[in-house]
Amino acid sequence: MKTDFLNGRKTVAVIGGQFGDEGKGKIVDLLMTYWGGIDVRGTGGANAGHTACVDGTSYAFRLLPSGILHDRDGKINIIGPGVAFNPKVACKELDTLHTAGFSTHNLQISHRAHLVLPHHLLLDQVRELKRGSERIGTTLNGIGPTYECHFSRTGMTVNDLQNGKSFFRNKLERNLREMRDLFAQIDPAYLKKVLAGDKFENGRFYAGRSAVLDLDAITETYINYGERIAQYITDTDAFLAGVVGEENIVLEGAQATMLSVHYGTYPDVTSSDCTDQGLAQGAGIRERHIDLVLLVLKAFYMSRVGNGAFPTELGGRDSAVWCDHRTIIDEETRFPDASINDPDEFIRGVGIRRVGKEFGTVTKRLRRVGWFDLPLAHYAIRCAGPNVELVLTKLDVLEGCDQIKTCHAYEYRGPDHVYAGRQYRNGDVLPVAVPNSEILRHCTPLYSSFTGWVTPTSSMRSAADFPLGLRKPASFVQDQLQRTIRMISVGPDREQTIVV
């Protein structure tokens, strides 16, 4: 892969520009293969699935950085202080890597990373149950409750795993006090059923109807996890302070801009800041250290998991309801012949989802799919600052699609609504997305249409090979966004990437 565009740059952030699942893991893996020496994850937790494909084999990571596959080459992978760290997941991923023959000698885990505890996982599930039809669509990995405890100053960190059982148990007991009252209001049979799951050591953490959680069992289990990862725990802040600006560093973003707790479609967002600002802070460096932001955009379609506004969704409300209640198996049984050219938008969405394998790396949930959205991309670029270049991924998915549609603006078709001091009225045209669910859910996309292409895409290795049906929408996107398209991915493998 050509890396000339990285000359003079030392820290590159890889950020999702949509609702996640844009293919960031592949881009990080590429950068670590040909350029980077250090890969840092700074936000999110086991709710963020990243996939890298090497020699036809896919490796999915929920917590470890995607660059971990390059450990044997002496490359360093860091889990930063902003990560919600689940030691059970980390140990499982380490075991998988070791079994596959990969080394992890150069892994570093911040002693300040936030510790995901069993009551965080339980609280996540209880809250979603109580929300009913108004649930957020969380992955139930305890991320939100973990960050809540951090900001309310009752949380625990990875460092707490290193000071013995008595120290850990005392802090755990203090951390649990306020939550016991909440758990006491929940049906005991429901709690017992949930705590019988794998996340809770198959019932080992259950302490009966009154106590609910067994502090001794949790303490013993977590201290054991701590012993297994002790060799990796270190002061990553101090390490990065000594190498930033000198070594080639890749900051690996989780989720995406439109899911940022600060900049996304609140409240249908994740619990951390997914922009380069949040990533820098979570990694333990400063935003000014970032020389380039690579904004990754799935094209010329996109996806979203869980609840929340999605203006370009194929099938609209019907699609959202279907994806919320069904599985990939249900879909294959119900719509065995779904095509990316079906005249019915819902069925066309099913076809695109199947070709693109759009179900969650972590959750296996169906991803809602829709056409590429320029207003959202405009907004994501604005959040990312001046040094932004674009990466387009999964262009091979729409190979054979007879018509490519790209949303270039919205028409607001809802009641009068004030947001940020502006009055939005029925008929207003919006070229840039407004990160507000009350507005976005009433936005109708205005499309530009392009004739598709049938030329096999996955074997292309140069932009000169692109058929007209691909070049036209790509040029349109670049012209509209006024940013350079730096990389284009036409398949999952490393070599299926074109640097423009």
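Any Cβ shown, glycine's included, is placed from N, Cα and C.
Copied over from TrEMBL, here are the features:
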type	residues	note
ACT_SITE	ASP21	active site, proton acceptor
ACT_SITE	HIS50	active site, proton donor
BINDING	20-26, 49-51, ARG367, 394-396, 489-491	GTP binding site
BINDING	ASP21, GLY49	Mg(2+) binding site
BINDING	ASP21, GLU22, GLY23, LYS24, ASN47, ALA48, GLY49, HIS50, THR139, ARG153, GLN255, THR270, ARG365	IMP binding site
BINDING	THR361, VAL362, THR363, LYS364, ARG365, LEU366, ARG367	substrate binding site
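Nearest neighbour of GLY20 (GTP binding site) by Cα distance, taken over the binding-site residues THR139, GLN255, ARG365, ARG367: GLN255. Recorded residues LYS364 (substrate binding site) and THR139 (IMP binding site) have their alpha carbons 10 Å apart, per Cα-Cα distance. LEU395 (GTP binding site) is surrounded by 25 other CB atoms, counting those within 10 A of its CB over all protein chains shown. A simple Cβ count within 10 Å picks out one of the recorded positions HIS50, ARG367 as the most packed, and that one is HIS50. DSSP assigns HIS50 (active site, proton donor) to a strand segment in the three-state reduction.
A helical conformation is recorded for LYS26 (GTP binding site) in the three-state DSSP classification. ARG365 (IMP binding site) sits 15 Å from the residue listed as 'active site, proton donor', taking the C-alpha atoms as the reference points. In terms of Cα spacing, the recorded positions ASN47, HIS50, THR139, LEU366, ARG367 that come within 10 Å of GLY23 (GTP binding site) are HIS50.
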